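For reference, the structure discussed in these notes is given below.
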């Protein structure tokens with residue numbers, strides 16, 4: 001009878017035909033995969049940890065072609081990093097998601113995820129099941145979002161000073177921070193001009209075009225209500241047109257050619273003369289039709305097949321006093337149409353007066369010896385668009401200035417989406433750590449332990465801020481904890497003064513959406529990494 005019991009229990013019997021060994025399962029493998037994923041993702045977080053905050057370091061990135069980028073924007077650093085491990089790539093995607101959702105906090109979100117993964121390692125080593133950790137983290141996240149919302153204060157879009165402070169806080173950690181007094185108002189004005197503050201719930205940043213022009217300094221950056229193109233005016237005599245009627249064509253003003261490659265053999269000079277006369281008559285007819293509509297400024301889309309504007313056509317346009325700008329990029333067409341109210345024309349037969357846009361002034365502006373820009377201002381079209389011209393002494397400065405302005409615009413977009421502000425300087429994270437620790441005491445068993453670990457992980461932001469600013473992280477975080485325990489919710493690290501103070505009084509503020517988005521996305525990513533127990537390579 002005992003033999004029967006043994007065979008029924010499902011234990012493999014050690015007979016010659018036994019299949020017990022074929023069902024071998026490596027119990028350690030899921031744990032090894034998990035720790036491998038966590039350590040790879042933590043390595044990415046540690047790589048950009050030093051670039052957090054106003055005193056954070058910048059990274060110099062060199063690509064395969066030898067092009068160099070200098071930045072401390074988390075999303076840009078990670079995007080250009082060569083990350084091979086799939087779990088580490090999840091953190092790169094996380095940073096990208098934060099960039100799309102909020103536009104700021106791209107470094108913080110990766111650091112928070114790295115810290116949460118560190119907590120997971122300790123919990124897993126204590127034998128807690130990944131599912132329990134994952135569910136507890138979700139509970140902690142829900143409570144954390146409540147805490148952040150309680151801490152926030154509402155903001156009105158009419159409160160210009162608050163918007164400026166938010167944009168300035170975003171710019172303070174950038175290379176161009178000393179120009180924040182110029183770039184912050186520019187960003188606020190740009191957003192306010194493209195939305196209706198009373199009804200807007202979001203901002204389409206495609207309505208704000210950033211044009212980069214080498215030369216000058218960042219002080220020369222300007223906001224233009226209208227259109228700015230880096231292309232030069234093709235005709236030398238006409239550089240200014242008032243009461244402009246602007247046409248945009250997508251066909252070429254040159255002699256027609258067949259699609260096939262062919263050659264024409266002309267046997268005598270009379271035929272040659274006839275060919276030239278035909279070409280001249282054809283182009284003159286095109287130019288006359290353009291002039292007939294009342295058009296006095298012509299924009300021509302770039303053509304890759306043949307010359308968009310022949311010398312003969314330019315000669316006729318010059319005689320008829322029509323200003324010409326050629327080689328307009330295809331991706332700029334939509335913005336141009338929205339700005340000046342024109343419509344793109346693909347064939348001369350459709351070129352009529354109602355296709356033209358109008359503006360007070362179209363002119364070519366000289367930039368103190370560093371090239372020229374073409375500007376159209378005083379547009380009568382209803383399309384709400386603006387252009388920001390970014391200047392700088394070299395390519396690296398211009399590109400970093402563009403990224404910084406983009407971040408500032410995104411911060412103001414966050415305030416339009418969710419009209420609430422929260423203190424910066426590590427204050428929300430310390431408050432989260434404190435309140436979640438209290439919350440963990442109301443829970444029981446493993447959940448309480450995991451929520452406590454989640455709370456401790458939040459302290460990484462103030463600790464890193466202090467470290468990067470040259471302060472002692474341990475004493476700084478301890479003092480912050482004490483101040484928050486006494487009810488000083490808005491106390492944070494004042495990096496500029498090198499100490500702890502009421503951050504709201506210092507006007508170091510950020511949109512609530514940035515913090516909420518960072519916490520949510522980081523927790524979701526960590527939960528995803530925790531749930532992975534195997535990596536399978538496919539052919």
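Backbone N, Cα and C atoms are what each Cβ position is placed from, and that goes for glycine too.
What Swiss-Prot records for 53, 105, 106, 107, 108, 172, 173, 174, 425, 510 is ADP binding site. Taken from Swiss-Prot, the feature ATP binding site covers 53, 105, 106, 174, and the record attributes it to similarity to another entry. Taken from Swiss-Prot, the feature Mg(2+) binding site applies to 104, supported by similarity to another entry. Residues or ranges marked as omega-N-methylarginine in Swiss-Prot: 19. Here Swiss-Prot flags 21, 288, 302, 319, 326 as N6-acetyllysine. Per Swiss-Prot, the feature phosphoserine maps to 36, 184, 202, 444. The region 'Disordered' annotation in Swiss-Prot covers 1-29.
Here residue 105 (ATP binding site) is positioned 12 angstrom away from residue 425 (ADP binding site), judged by their C-alpha atoms. Under DSSP, residue 319 (N6-acetyllysine) is assigned to a helix (H, G or I) in the three-state scheme.
Residue 106 (ADP binding site) falls within a helical segment according to DSSP. Look at residue 444 (phosphoserine): DSSP puts it in coil.
In the structure shown, the C-beta of 184 has more C-beta neighbours within 10 angstroms than that of any other entry among the modified residues 184, 444. Taking the C-alpha positions, the distance from residue 36 (phosphoserine) to residue 108 (ADP binding site) comes to 23 Å. Taking Cβ-Cβ distances under 8 Å and a sequence gap of 6 or more within the same chain, the neighbours of residue 326 (N6-acetyllysine) are 231, 234, 300, 302, 308, 309. Annotation for residue 173 (ADP binding site): same-chain Cβ neighbours under 8 Å, separated by at least 6 residues, are 52, 53, 54, 56, 72.
Highest local Cβ density among the recorded positions 174, 288, 302, 319 belongs to 174, counted as other Cβ atoms within 10 Å over all protein chains shown. Among 53, 105, 106, 174, the residues given in the record as binding ATP, the maximal Cα to Cα distance rounds to 13 Å. In this structure, the CA atom of residue 202 (phosphoserine) is 47 Å away from the CA atom of residue 319 (N6-acetyllysine). Residue pair residue 288 (N6-acetyllysine) / residue 319 (N6-acetyllysine) shows a Cα separation of 11 Å. Take the binding-site residues 53, 105, 425: by the count of other Cβ atoms within 10 Å of each Cβ, the lowest one is 53.
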